[in-house]
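Take a look at the structure below.
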Amino acid sequence: MSKKKETDSYLSSDIKKSKDFKIISNLLKINDAVIVSHYYTTPDIQAITEATGGKVADSLEMAKFGKNHKAKTLLVAGVRFMGETAKILNPEKIVLMPTLKAECSLDLSCPEKEFNKFCDNHPDRTIVVYANTSAAIKARAHWIVTSSIAIDLIDYLDRLGEKIIWAPDKHLGRYIQKQTGADILIWNGTCIVHDEFKSQSLLNMKKIYPKSAILAHPESPENVLNLADFIGSTSQLIQAAKSINQKTIIIATDKGIFFKMQQACPDKILIEAPTSGEGLTCLSCARCPWMKMNNINRIIKSLTNKKKHNEINIPHDLQKKALKPLMRMLKFSQKVI
């Protein structure tokens, strides 16, 4: 269940009286920087981000915010592909991360060499890749999407008669295919967090909370999605939690989302969806291990380190290639959001 008291402590104005806030605020001014954080980072990072004028958001809104903000330096708290996306969109800006070792299981599941071979074997197909991919994979794609616009884009391409390659998340790919009926070849990747949600355990929890609603991210397995009252991206799940009638909500996504979700609906009871069957040990336990690598001390070190060991750099040619499908994504998102 959500730790409401802990969340409330981060929501209070006391955060601005903390030593960390004063240090980070000063470093942000010195570096002409702003923090952009994902919903899956820890509550203290999300609170510091908002208190210093930064943005906590999903991948799409992170990209938009970083591109439109006047700061010369972006501190991206999330996983590596998010920092790369920020750099692709803002080659003139310095892009820092708390650590460059924060990977993503979806990104790792789609190696460049293997994916290029897969695409070469299907030259007649339009390549659509999830934002959770490396700069090299993005550069190979025709389109890039986040989960918030994936169905809209695939439906659009399907109406144009396009046959599609989708990578890397197989669960999201199957969900999109089911929703649109599009002709899609799906790469076999998964998210370490969402892949662990189990339908039987979810059914057992539903028996304990029979009046609850289930909200699920589409990176979850199909049998979990079949039990959900609402399926959507992180930002869409937060909106659903606000509008849904039930007071008790079971959440099948990374528990980092609870911070902003509890802000949005403080009267709701949020419960973590189970991540394993009885007697089994979970690997992620509804918390991305790489997102947890982001912490306040690393943010301070990244902003302090003048050698910029945690700076994202992308070769110019690769940046130019990856920028094209990213800009298509941003332009398309303006039409559907």
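In case you wondered, yes, glycine gets a Cβ from its N, Cα and C as well.
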**Q.** Residue among His38, His309, His316 sharing the iminosuccinate site, where Swiss-Prot lists Ser59, Tyr130, Ala131, Asn132, Ser147, His217, Pro218, Glu219, Thr234 as binders
**A.** His38
**Q.** Annotated companion of Cys191, Cys288 at the [4Fe-4S] cluster site, Swiss-Prot, chosen from Cys104, Cys110
**A.** Cys104
Q) When you measure from the Cβ of Cys104 ([4Fe-4S] cluster binding site), how many other Cβ atoms are you left with inside 10 Å? A) 25
Q: Look up Tyr130 (iminosuccinate binding site) in the DSSP assignment and reduce it to helix, strand or coil.
A: strand
Q: Determine, using Cα-Cα distances only, which of these binding-site residues is closest to Cys191 ([4Fe-4S] cluster binding site): Tyr130, Asn132, His217, Glu219.
A: Glu219
Q | Cα-to-Cα gap, Cys288 ([4Fe-4S] cluster binding site) vs His38 (iminosuccinate binding site), nearest whole Å | A | 12
Q: In whole Å, could you give the widest CA to CA gap in the iminosuccinate site formed by His38, Ser59, Tyr130, Ala131, Asn132, Ser147, His217, Pro218, Glu219, Thr234?
A: 17
(Q) Counting only residues 6+ away in sequence within the same chain, which have a CB under 8 Å from the CB of Tyr130 (iminosuccinate binding site)? (A) Leu106, Ile144, Val145, Thr146, Ser147, Ala150, Trp166, Ala167, Pro168, Asp169, Leu172
